[in-house]
Amino acid sequence: MESTAAVDSTSTQAAAPLNARPCVLYYFVFGTLVGGSTIIIGLVGNVVSLSILGRERKKSSTIQALCLLAVADTCLLLAYLPTIPLSGIWEITMGLYESMNLVVFASAYIYEAVRVCNQVSAFLTMILMWQRYVAVCLPHKAKQLCTVRIVNITSACTSVSACLFYLPNFFLYSIDISEDGAFQPVSHPLVQNAYFQMIYSVILTYLLSYIIPVVSLMYMSIAILSKLKLHSNQTHSTNFQHVRKDLTKSSIGIVVIFVLCQSFQPIRRVLMWVYDPYVRNVGCGRDLSYFSMVPHVTLMLNSSANFCIYILFARGFRRKFIAIFTRKNNVAPTYSSESTRPGPSTNNLFSSRGCERIMTLSGTDSTHCMPLSGTNTDRIEIADETRIKIRTFIFICLGLEEKICFILKNV
């Protein structure tokens with residue numbers, strides 16, 4: 001989201017006779033309905049995720065990273081709330097060109113705040129995948145690197161770094177108000193500097209916001225999948241298979257959605273080179289008029305998708321989410337047979353049995369792994385194993401009884 005939003009009000013007014021009804025309809029449907037629905041769903045999902053994950057965040061560095069990621073995504077959605085969703089409503093009520101002040105102000109300031117939140121979200125996604133990578137691929141270092149304290153420190157440092165890196169963009173444009181009340185963006189002389197644009201706005205910005213996060217996430221995901229595949233061939237534990245599948249699905253889901261949603265930003269940069277000036281070409285009736293909102297809506301989807309990933313792939317999270325709605329229907333609280341044992345409870349967000357399997361694999365503490373299991377299937381398996389043991393014990397007792405009777409008869 002570049003701040004090259006120097007809207008030419010003269011050309012805008014000259015283009016006023018253009019039929020703006022299709023553009024207003026597009027902004028309302030794609031911006032207000034689609035974008036607004038995405039923001040509402042994302043905000044509700046992130047709040048629910050925080051309420052569920054927050055109970056376990058002090059016990060696991062991975063859950064702490066997930067909580068921080070939900071906070072960053074929530075900030076991004078809140079920053080978008082007064083712009084994209086309201087633009088369609090404003091353009092219907094006020095007119096396309098009368099609502100141009102919102103576009104100018106958002107391009108100069110609000111979208112820069114969105115870029116900061118998006119960068120923080122990218123850093124936190126990398127931290128999350130780093131925790132998984134260390135727990136699975138570098139188990140001998142997990143106790144030193146996979147801690148809540150390290151996650152908090154790295155998250156704070158990366159957040160401050162993102163704010164400092166994008167801070168100059170808030171001063172590249174200022175707004176003057178014309179006699180008719182229209183906002184006029186005035187660019188700083190630094191914007192016209194070719195070296196500044198090439199080094200800072202292009203090379204450094206996309207290295208930090210896209211290339212480095214995507215490459216690192218793909219590398220860590222491939223390494224995790226390879227490691228899990230190797231150990232899945234060496235062990236036939238059903239519990240480990242559940243952990244491996246959940247971990248694989250969640251990792252792939254997070255990385256794929258991040259890469260797809262973030263890929264529209266470099267595409268936008270290429271189009272800015274081809275269609276220069278970009279701001280005029282995204283105006284109503286221009287070549288890129290229907291592309292203007294796509295990069296913004298994809299960022300909203302990226303910040304709203306994590307909750308859906310938890311519901312689809314994290315069976316322990318899904319169980320707790322369903323329990324929110326079914327808790328009132330329970331006559332009495334139900335506990336598993338293992339909940340009374342000392343140590344981690346099987347009612348944890350991520351199944352303790354799955355974590356114990358990772359612990360035997362890596363030799364590290366179970367709270368540093370990220371297995372997304374802990375379902376009723378595991379409890380059924382425990383019950384089946386218990387029944388088999390009881391039956392075996394009964395058969396042994398019956399066999400001993402027959403032998404004792406045989407000995408007594410012979411005596």
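Quick reminder: no glycine exception, Cβ is built from N, Cα and C everywhere.
Taken from TrEMBL, the feature transmembrane segment applies to 25-53 (among others). Same-chain residues lying 6 or more positions outside the transmembrane segment (25-53) and placing a CB less than 8 Å from one of its CB atoms are 63, 66-67, 70-71, 73-74, 77-78, 80-81, 84-89, 91-92, 289-290, 293, 296-297, 300-301, 303-308, 310, 317, 320-321, 324, 349.
What TrEMBL lists as domain 'G-protein coupled receptors family 1 profile' is 45-310.
As annotated by TrEMBL, transmembrane segment applies to 65-89 (among others).
Look at TrEMBL and you will find 150-175 (among others) tagged as transmembrane segment.
Counting residues 6+ beyond its ends, the transmembrane segment (195-226) has Cβ neighbours under 8 Å at 2, 115, 118-119, 122-123, 125-126, 129-130, 132-133, 136-137, 165, 168, 247-248, 251-252, 254-255, 258-259, 262-263, 265-266, 269 in the same chain. According to TrEMBL, the feature transmembrane segment maps to 195-226 (among others).
What TrEMBL records for 247-268 (among others) is transmembrane segment.
Annotated transmembrane segment per TrEMBL: 288-313 (among others), in sequence order. Counting same-chain residues at least six beyond the ends of the transmembrane segment (288-313), those with a Cβ under 8 angstroms from any Cβ of the stretch are 1, 23, 26-27, 30-31, 34-35, 38-39, 41-42, 45-46, 48-49, 66, 69-70, 72-74, 76-77, 80, 84, 114, 118, 121, 246, 249-250, 253-254, 257-258, 260-262, 264-265, 267-268, 271, 275, 278, 281-282, 321, 372.
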